[in-house]
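Features as listed in Swiss-Prot:
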MOD_RES   Lys64  N6-acetyllysine
MOD_RES   Lys64  N6-succinyllysine
MOD_RES   Ser176  phosphoserine
MOD_RES   Lys312  N6-succinyllysine
MOD_RES   Lys327  N6-succinyllysine
MOD_RES   Lys327  N6-acetyllysine
MOD_RES   Ser377  phosphoserine
MOD_RES   Lys407  N6-acetyllysine
REGION    23-52  region 'Disordered'
TRANSIT   1-50  transit peptide
Amino acid sequence: MTCYRGFLLGSCRRVAGGRAALRGSGSGADGRRHLGHGQPRELAGGGSPADGGFRPSRVVVVAKTTRYEFEQQRYRYAELSEEDLKQLLALKGSSYSGLLERHHIHTKNVEHIIDSLRDEGIEVRLVKRREYDEETVRWADAVIAAGGDGTMLLAASKVLDRLKPVIGVNTDPERSEGHLCLPVRYTHSFPEALRRFSRGEFRWLWRQRIRLYLEGTGINPTPVDLHEQQLSLNQHSRAFNIERAHDERSEASGPQLLPVRALNEVFIGESLSSRMPYCWAVAVDNLRRDIPNLKGLASYYEISVDDGPWEKQKSSGLNLCTGTGSKAWSFNINRVAAQAVEDVLHIARRQGNLTLPLNKDLVEKVTNEYNESLLYSPEEPKILFSIREPIANRVFSSSRQRCFSSKVCVRSRCWDACMVVDGGTSFEFNDGAIASMMINKEDELRTVILEQ
């Protein structure tokens with residue numbers, strides 16, 4: 001169990017404080033790309049002004065699980081000593097001292113956040129992933145994610161109240177980019193951030209999120225926490241069990257609103273494809289060893305965009321992102337390399353008898369302009385869906401490999417598929433299940449913009 005000064009994780013001890021209110025309103029803004037550390041320059045001038053300031057009376061601090069803590073928990077049943085853990089990590093090529101150093105840096109910065117809040121008379125609860133639940137969110141006036149972007153996604157996942165602010169603080173700027181966090185200067189100067197909050201010297205950023213409905217036959221709306229449990233072998237080998245028991249959920253059910261909102265993205269695909277970008281490599285390696293016939297099945301589904309006609313597709317999966325997520329996995333799925341742009345320009349010049357001057361500057365300019373067109377403001381109420389490696393033949397087609405939309409519906413024809421939300425929460429999504437994804441203003445996430 002990790003100890004922070006004044007707190008013992010698991011006990012959720014509180015620090016007494018005063019009472020205050022939150023004030024503010026939101027409106028839309030455009031943005032382009034992330035630059036530097038912390039919040040992106042694209043947000044400069046964006047968001048909406050704070051109407052006065054805000055000073056929360058009760059704050060929950062969600063601290064990330066460091067790699068050192070993860071390794072400890074991973075082998076907790078073996079009752080390893082610190083020396084045993086050191087030797088085990090060495091066998092895997094990992095540095096025990098390096099992990100411990102990063103852990104201490106994170107812990108020190110979390111303590112700085114807690115002390116800063118306590119000095120302002122604010123009640124604080126410090127929790128880890130396992131203690132972070134709906135009751136804790138209801139108790140708090142604001143949520144602080146102490147870690148990196150992954151911790152910010154975790155903190156946001158439980159907040160369904162659009163008026164409750166969620167603030168990210170990067171606790172290890174040397175190892176974490178922290179796009180969704182405050183600028184890194186506030187990691188060590190958090191009292192200054194609190195003063196600026198109370199004076200209203202910031203802007204609100206209302207990040208759009210995707211809500212999900214699940215309906216059809218054989219659905220299971222129970223979420224699986226990938227970080228805590230890692231998807232079990234039994235769950236994903238079920239489709240290959242010839243003597244599979246009768247599914248009691250075979251009858252069709254109406255639309256059910258799932259208890260999560262996607263801040264970055266939703267990925268839909270066969271389980272191996274859906275897991276690889278998010279889970280630890282060891283889990284994937286274990287699956288491959290235990291189920292050798294699972295070698296990356298193509299995902300088979302039908303898709304309808306903005307209530308249009310259904311289209312059958314096979315691909316490596318489907319990614320649906322928000323403006324926040326357009327800078328993450330979606331960007332890397334769709335971005336083009338300068339080499340590809342140069343080849344296309346060569347062909348265009350040859351086929352069109354053009355006198356286009358092909359030089360490095362032109363190639364770089366065209367490449368950057370195309371890639372920047374893939375990004376859009378976190379406040380824009382639209383979804384960008386992308387088809388990964390679509391299969392095109394006389395049976396299957398992909399009329400739009402990438403497109404903006406307000407609503408996307410997917411009917412699964414998969415055998416062992418998952419619908420993964422922000423890389424941390426998974427839902428079964430097998431044959432007969434239908435997912436509907438859309439943007440709703442009620443799901444906005446209230447975050448802040450602070451200048452450097």
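Each Cβ is built from the backbone N, Cα and C atoms, and glycine gets one as well.
Residue density at Lys312 (N6-succinyllysine): 14 other Cβ atoms are found within 10 A of its Cβ, drawing on all protein chains shown.
Shown in sequence order, Gly147, Gly148, Asp149, Asn170 are the residues of the chain, 6+ apart in sequence, with a C-beta less than 8 angstroms from the C-beta of Ser176 (phosphoserine). Of all the modified residues in the record (Lys312, Ser377, Lys407), the one with the smallest CA separation from Lys327 (N6-succinyllysine) is Ser377. For Ser377 (phosphoserine) paired with Lys407 (N6-acetyllysine), the C-alpha to C-alpha distance reads 18 Å. Rounded to a whole number, the distance between the Cα atoms of Lys312 (N6-succinyllysine) and Lys407 (N6-acetyllysine) is 17 Å. Every protein chain considered, the tally of other Cβ atoms within 10 Å of the Cβ of Lys407 (N6-acetyllysine) stands at 15. Here Lys64 (N6-acetyllysine) comes close to His106, Ala145, Ala146, Gly147, Gly148, Gly150, Thr151, Leu154, Thr171: these same-chain residues lie at least six apart in sequence, with C-beta atoms under 8 angstroms from its C-beta.
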